[in-house]
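A.B. asks: Okay, these came from Swiss-Prot:
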type	residues	note
BINDING	Asn55, Gly56, Gly57, Glu68, Asn97, Asp98, Ser123, Thr124, Ser125, Ser128, Gln175	substrate binding site
BINDING	His64, Glu68, Gln175, His183	Zn(2+) binding site
DOMAIN	40-198	domain 'SIS'
Amino acid sequence: MNRAADDLIASHLARSHAAMARAAQDTALLASAGRIAAKIVTALRSGRKLLIVGNGGSAADAQHIAAEIVGRYKQERPAFAAIALTTDTSALTAIGNDYGFDHVFARQVEGLGTSGDVLLAISTSGRSPSILNALRKARERGLTTIGFTGANGLAMGELCDELLVAPSDDTPLIQQIHLATAHGICETIEAALMQDLS
């Protein structure tokens, strides 16, 4: 690689490190993450499930989080119920074709979500229509609603029982904070549910 590429990568890593350091000191984010973990634990203990939605990079995060919950994060333990609503290409394309892309997640929440479940909605901007519609439908159906967003996505909070705000307005950094925080939440969930088994 040439020096310019090295400098770009080093600059990104430095910005990422600074953003993570801010997040680690953000008392509002940490408190919100703890409450989110507790809400998900309550649902899973009751035999309910976690539904997760997001677009683009946030869709990848949705799948990653679901995999940590259904598979395992660190400890060998029973599977817990989590579904990323970003993975069924037939449902996504049928709903998108028949109802419009803005409804690809809301329609799945309507079909799969039941009272007591949790919807985790990830949107770096907090303004994605497909995400906001999913949150509205979840509220109608009695799901607990959780949002992950960035510094400019606070309006999304009106539809969320709990909102985690990454302290950045830069999309890649927001995504990195979301995933790192989600890992902490998964570890907290796993530890709490493993205590039930001991």
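Glycine too: its Cβ is placed from the backbone N, Cα and C atoms.
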A.B. asks: Cα-Cα, whole number of Å: Gly57 (substrate binding site) versus His64 (Zn(2+) binding site)?
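C.D. replies: Here the two Cα atoms lie 11 Å apart.
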A.B. asks: Looking only at the domain 'SIS' (40-198), what is the mean pLDDT?
C.D. replies: 97
A.B. asks: If you draw a 10 Å sphere around the Cβ of His64 (Zn(2+) binding site), how many other Cβ atoms fall inside it, taking every protein chain shown into account?
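C.D. replies: For His64 (Zn(2+) binding site), the 10 Å Cβ neighbour count is 16.
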A.B. asks: Based on the record's binding annotation for substrate (Asn55, Gly56, Gly57, Glu68, Asn97, Asp98, Ser123, Thr124, Ser125, Ser128, Gln175), what whole-number value in Å is the widest Cα to Cα distance?
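C.D. replies: Result: 32 Å between the two most distant Cα atoms.
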A.B. asks: Ser123 (substrate binding site) has how many other Cβ neighbours within 10 Å of its own Cβ?
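C.D. replies: A count of 26.
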A.B. asks: Using His183 (Zn(2+) binding site) as the reference point, find which of the binding-site residues Asn55, Ser123, Gln175 has the shortest Cα-to-Cα distance to it.
C.D. replies: Gln175
A.B. asks: Would you mind pulling the DSSP three-state label for His64 (Zn(2+) binding site)?
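C.D. replies: DSSP call for His64 (Zn(2+) binding site): helix.
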